[in-house]
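Asker: First the structure, then my questions, so here it is.
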There are 2 protein chains.
Amino acid sequence: MKVAIIGFGSVGKGIASIIRDKGLGITVTAIADSKSAAIDNSGLDIQSVFIAKENSGLCGKIGLTPDDVISEADFDVLIEVTPTDAETGEPALGYIRKALSSGKHVITSNKGPVALKYPELKELADENGVELKFEATVCGAIPIILSLQNGLAGNDIKRIYGVFNGTCNYILTRMADEKLTYSQALLEARELGYAEADPTYDVMGIDAAIKLVILANTVLGYKKSLEDVEIAGINMITSESLQLAGEDDLTIRLIGEIDCEKELLRVMPRVLPKNHTLVVHGTLNAVTAETDLAGEVTLIGRGAGSVETASAIIADLLFIRKLNGRCA
Amino acid sequence: MKVAIIGFGSVGKGIASIIRDKGLGITVTAIADSKSAAIDNSGLDIQSVFIAKENSGLCGKIGLTPDDVISEADFDVLIEVTPTDAETGEPALGYIRKALSSGKHVITSNKGPVALKYPELKELADENGVELKFEATVCGAIPIILSLQNGLAGNDIKRIYGVFNGTCNYILTRMADEKLTYSQALLEARELGYAEADPTYDVMGIDAAIKLVILANTVLGYKKSLEDVEIAGINMITSESLQLAGEDDLTIRLIGEIDCEKELLRVMPRVLPKNHTLVVHGTLNAVTAETDLAGEVTLIGRGAGSVETASAIIADLLFIRKLNGRCA
């Protein structure tokens, strides 16, 4: 299977290094960053691309763009991991549309395009007989979309709820365990690289809300947008409220929830018993699906990180190969 | 997609009723119990089979056997849920071999055939270009095999460990929470239908060990048998030891573990912190996979029950359809 990787930041590099190290029967025919691209339809020497990037800051020929890669390289699957604006979904959206239209499978780690345009993109994929996969967009390494779409296939999903943002979870964990103030915990999260310089997106619940929109539209067939999500973040939570909760063996977590009966999406801090399955620690994510047949199924794992994101993308890639392998 | 169901106990009935109620685009062309079978290649009226079974104890024409169903009915997928001896794997093993050899996909809930003969059965399936699926054999409704084989594809699995037996977990939970003795908790588990009249298979760790063998051979490609598993059950655990552990915020759980570095399988009671992810309550199961890329991923859910087993089988069925749908 031949793949093209567009975007050569930490996730793109992670994917390339896994393929370089493990093989997995995958040939990388193109790698692009924002300023250059390397194309070799007989298979790139991945290590050389790494060396070029390290030496010159460019992964290949200057002036070649991701668009050129999609038009000119020979590949079956586009791995789209470009830096993309979550609000507009661009430039990822354009690349994804172009690749699907050309009959290429697409895997993306960008939330924007999936949250904004899933119905359109899915239709485009179906028309062209190809797959659009996006496991990495929700809860990193946790195979939550696979489990909901396939592991619980045949089930009616009644509710999906859980911890969708590791940054908030880290802050709340530290505030409860170490009696830190919100500002102190946020500062610590920044220093450890768990929070961005501008943490608004995470701490105000927007990141979790976007993940709910993705699950709602892709797994449940809804047509929701960010505006449909009731959102409250963790910025008003005080250390005192966590200490008080703790005295009763309770704690606070930022919980995202899809109530399927009411088609309601919301993100808000919730008080939970300390021994509740969803009370995970540090940067972990945890999601429970409540279903008619299987009951409650919970998945817990790492929701972020470039290797974890790469893990989800590689799993999507091997899944596409499995789906198409039978017909070869 | 046409399916034949052999075995019409609680699981077989569960599957038939889900298909009857939900449709799912599935046609049931045959249903067999141990003494009779109903075959209609244009699609059985499932409700009539239920009524016949209730009135006469037979689901169809007396004398017709599962073997007859496999030879004579028109179906794509055999759902094999017959009462089967876990030690010999029969009669399931014979049915599975026959169906795979005839080019039919097979889904089974029977642990015996998979634990005993997976490499042979997998080869037979591959030779005939069909699938052999068995999600229901390990941890009931939890999509653990799907997650390991597909969700974590590309990962090197270093360790799989968890709570694989709900009966033991129930007994230990009750001993810890209510200070019951082992015998009292076992009696309660029996009264609630969580333990068999002869609980040896569960409480001595054999059931958990068989599940480890299945995961080892199917997901990791080992060739292990029950004799290769180091096993200790929960029958020697005292209420006092649980109380003592509890004083230090610890508890005891029966943990099954596959150590991939040493290719070692073992089942034994372990002391764990009460807030450990694997310390689930009641009859729940919980499994953690430790991997190189995704880190630790944990799945928690219901490990037993006829509807939960049926859920896993239906998911297998829809997965087979998805895998084959692209080639149609």
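From the backbone N, Cα and C atoms, a Cβ is placed for every residue, glycine too.
All TrEMBL annotations are machine predictions without curation.
Bear in mind that the values here come from a model prediction, so they are computed numbers and not experimental data.
Reproduced below are the annotations present in TrEMBL:
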- A:7-135: domain 'Aspartate/homoserine dehydrogenase NAD-binding' (DOMAIN)
- A:Gly7, A:Phe8, A:Gly9, A:Ser10, A:Val11, A:Gly12: NADP(+) binding site (BINDING)
- A:Lys111: NADPH binding site (BINDING)
- A:143-318: domain 'Homoserine dehydrogenase catalytic' (DOMAIN)
- A:Glu196: L-homoserine binding site (BINDING)
- A:Lys211: active site, proton donor (ACT_SITE)
Asker: In whole Å, how far does the CA atom of A:Lys111 (NADPH binding site) lie from that of A:Lys211 (active site, proton donor)?
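Answerer: Distance (Cα to Cα, whole Å): 8 Å.
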Asker: Whose Cβ lies within 8 Å of the mean position of the Cβ atoms of A:Gly7, A:Phe8, A:Gly9, A:Ser10, A:Val11, A:Gly12, the NADP(+) site, other than those residues?
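Answerer: Those within range, site residues removed, are A:Ile5, A:Lys13, A:Gly14, A:Ile15, A:Asp33, A:Val81, A:Thr82, A:Ser306.
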Asker: By CA distance, which of the recorded positions (A:Gly7, A:Phe8, A:Ser10, A:Gly12, A:Lys211) lies nearest to the residue listed as 'L-homoserine binding site'?
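Answerer: That would be A:Ser10, nearest by Cα distance.
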Asker: How many other Cβ atoms are found within 10 Å of the Cβ atom of the residue listed as 'L-homoserine binding site', counting all protein chains shown?
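Answerer: For the residue listed as 'L-homoserine binding site', the 10 Å Cβ neighbour count is 14.
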Asker: What three-state class does DSSP give A:Gly9 (NADP(+) binding site)?
Answerer: coil
Asker: If you average pLDDT over the domain 'Homoserine dehydrogenase catalytic' (A:143-318), what do you get?
Answerer: 97
Asker: Here the binding-site residues are A:Gly7, A:Gly9, A:Gly12; which one has the lowest number of other Cβ atoms no more than 10 Å from its Cβ?
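Answerer: Checked A:Gly7, A:Gly9, A:Gly12; of these binding-site residues, fewest Cβ neighbours within 10 Å: A:Gly9.
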Asker: Among all protein chains shown, how many Cβ atoms are found within 10 Å of the Cβ of A:Phe8 (NADP(+) binding site), not counting that one?
Answerer: 26
Asker: Out of A:Lys111, A:Lys211, which has the highest number of nearby Cβ atoms, where nearby means within 10 Å of its Cβ, if these are the recorded positions?
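Answerer: Within the set of recorded positions, the most crowded position is A:Lys211.
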Asker: Pop the Cα-Cα gap between A:Lys211 (active site, proton donor) and A:Ser10 (NADP(+) binding site) into the table, whole Å please.
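Answerer: Distance (Cα to Cα, whole Å): 21 Å.
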Asker: Which state, by DSSP, holds A:Lys211 (active site, proton donor): helix, strand or coil?
Answerer: helix
Asker: Most Cβ neighbours within 10 Å: which of the binding-site residues A:Ser10, A:Val11 is it?
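Answerer: Per the Cβ count within 10 Å, the most buried is A:Val11.
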Asker: Which of the three DSSP-derived classes (helix, strand, coil) applies to the residue listed as 'NADPH binding site'?
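Answerer: Reduced to three states, the DSSP call for the residue listed as 'NADPH binding site' is helix.
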Asker: How big is the Cα-to-Cα gap, in Å, between A:Gly7 (NADP(+) binding site) and A:Lys211 (active site, proton donor)?
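Answerer: The separation of the Cα atoms works out to 21 Å.
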Asker: To the nearest whole angstrom, what is the C-alpha distance linking the residue listed as 'active site, proton donor' and A:Gly12 (NADP(+) binding site)?
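Answerer: That comes out at 21 Å between the alpha carbons.
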